[in-house]
Amino acid sequence: MTALFPFDNSYARLPSHFFGRVAPTAVEAPRLIRLNRALAVDLGLDPDRLESPEGVEVLAGQRVPEGAEPLAAAYAGHQFGQFVPQLGDGRAILLGEVVGRDGRRDIQLKGSGPTPFSRRGDGRAALGPVLREYLVSEAMHALGIPTTRALAAVTTGEQVIRETALPGAVLTRVASSHIRVGSFQFFAARGDVEGLRALADHAIARHDPEAARADNPYRALLDGVIRRQAALVARWLTVGFIHGVMNTDNMSIAGETIDYGPCAFLDTYDPATAFSSIDRHGRYAYGNQPRIALWNLTRLAEALLPLLSEDETQAVGEAEAALTGFAGQFEAAYHGGLNRKLGLATTRDGDPALAGDLLKTMAENEADFTLTFRRLGEAVPGPDGEPDPAAVEAVRSLFIDPTAYDRWAEGWRRRLKDEAGDAAARRQMMRAANPAFILRNHRVEEMITAAVERQDFAPFETLLTVLARPYEDQPDFARYAEPPEGGGRGYRTFCGT
């Protein structure tokens with residue numbers, strides 16, 4: 001019989017101080033909550049075997065599968081601006097890597113027991129955070145945003161102690177890699193240039209193979225990470241996503257969204273929104289995310305200085321030149337995304353101001369971010385040059401002062417006259433850019449309460465069904481598109497560790 005996971009491991013071949021070898025800790029009574037069968041097929045795995053007793057034991061950490069080389073990776077990181085020289089995987093164990101139809105992917109268990117980096121923690125995960133990450137990562141994937149994926153969620157039959165006793169669970173996470181900005185900081189902080197070089201060479205081979213042919217491969221690696229992060233954060237903003245804990249150890253060089261602990265989506269639009277209970281000063285607020293991304297990338301550039309050039313002045317020049325490119329790349333991606341949300345297929349000098357004026361009006365009028373843009377797509381002028389009055393009223397109703405929307409919409413409709421194409425095509429473009437469904441924060445809490453307190457996973461399954469098709473109307477699930485009463489003000493998220 002073939003192996004359950006056809007592992008082809010590369011990170012485990014790196015020097016031993018890159019990680020600590022550790023096996024998952026067995027649990028009492030593993031039970032499968034959900035297997036992502038479609039993802040399993042994409043990875044070249046047999047979903048039926050993964051759902052078998054043997055498969056569930058592997059997904060729970062009860063059994064180490066053939067070919068696995070379980071390890072916990074070492075890394076450092078800036079956490080809320082403060083540098084911590086050693087963090088590492090404290091509750092996650094990399095089983096190995098598989099090569100599927102989309103390339104090489106890590107298979108990692110989260111909540112599978114203590115590791116050398118657990119720092120007195122139990123290495124376990126509670127059910128609520130596991131279900132949250134499963135849902136959010138799959139919702140982000142359906143939205144078309146680069147992200148880690150969830151292969152499976154398993155309950156352990158054990159309790160974990162946080163503020164109270166909670167049911168334990170294990171998440172199987174899939175990622176292009178788990179190399180973080182903090183991975184490079186770990187070696188740079190120790191003055192380990194050879195370790196830094198080995199990690200960079202591994203990253204180039206895995207994520208930027210064309211960089212190996214560049215005049216300066218390490219500068220090309222840095223350029224690639226910057227380009228991916230600029231595009232990623234722009235995509236976050238266009239769907240109202242707030243990561244919540246953008247520490248350097250939570251930034252993947254693969255350009256995937258990773259570590260979903262205290263994340264959330266905007267309800268009412270306010271760029272100062274920060275949901276995380278530990279982000280007391282709004283460092284990682286919605287509108288700060290581009291600035292923080294650049295700050296994190298600057299820390300990566302600092303770590304790479306010894307590789308960029310043997311001459312310190314030249315190395316700094318290379319780093320600064322690379323970082324200078326972030327702003328333009330982010331702005332192009334962000335404003336391109338906003339244009340699509342407004343139904344604009346071409347670019348004009350005044351477009352950023354047009355979008356900015358709408359966002360300002362939304363903030364002043366406490367309009368819902370997702371519903372405003374979705375309904376705007378139905379309010380485009382028809383063949384006769386006039387919008388549907390009912391569609392216009394549906395947008396206006398989201399604003400405290402509907403006439404503020406009216407004033408903005410006059411300029412928008414004038415701008416649309418510069419565009420080719422008919423109203424139907426424009427409406428279709430806007431529907432593809434403006435989701436009807438995001439993972440509403442109050443629905444997350446309802447789902448977690450049902451699962452944790454009543455062992456009822458029906459709300460979890462329903463949300464998975466709805467969020468798999470975020471750009472479709474789905475009339476039977478219309479209530480899941482609605483914001484909470486009060487626009488979500490006062491909502492708080494917790495990292496779950």
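Note: Cβ is positioned from N, Cα and C throughout, glycine not excepted.
The ATP binding site annotation in Swiss-Prot covers G88, G90, R91, K110, D122, G123, R173, R180, D259. Taken from Swiss-Prot, the feature active site, proton acceptor applies to D249. As annotated by Swiss-Prot, Mg(2+) binding site applies to N250, D259, with the evidence given as sequence analysis. Per Swiss-Prot, region 'Disordered' is recorded for 477-497.
Swiss-Prot feature annotations superimposed on the structure.
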residue: G88; record: ATP binding site; contacts (Cβ under 8 Å, 6+ apart): G20, A72, A73, A74, Y75, T115, P116, F117
residue: D122; record: ATP binding site; contacts (Cβ under 8 Å, 6+ apart): R91, G113, P114, V160, I161
residue: R173; record: ATP binding site; contacts (Cβ under 8 Å, 6+ apart): A92, D106, I107, Q108, L109, K110, E133, S137, T148, R149, A150, L151
residue: D249; record: active site, proton acceptor; contacts (Cβ under 8 Å, 6+ apart): Y75, A76, G77, H78, Q79, L87, R180, V181, G182
residue: N250; record: Mg(2+) binding site; contacts (Cβ under 8 Å, 6+ apart): G77, R180, H243, I258, D259
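Put simply, the two farthest-apart Cα atoms among G88, G90, R91, K110, D122, G123, R173, R180, D259, the recorded binders of ATP, are 23 Å from each other. Counting every protein chain shown, the number of other Cβ atoms lying within 10 Å of the Cβ of R91 (ATP binding site) is 21. In the three-state DSSP classification, R173 (ATP binding site) falls within a strand. In the three-state DSSP scheme, D249 (active site, proton acceptor) is classed as helix. Residue environment of D259 (ATP binding site) contains 23 other Cβ atoms, counted within 10 Å of its Cβ in all protein chains.
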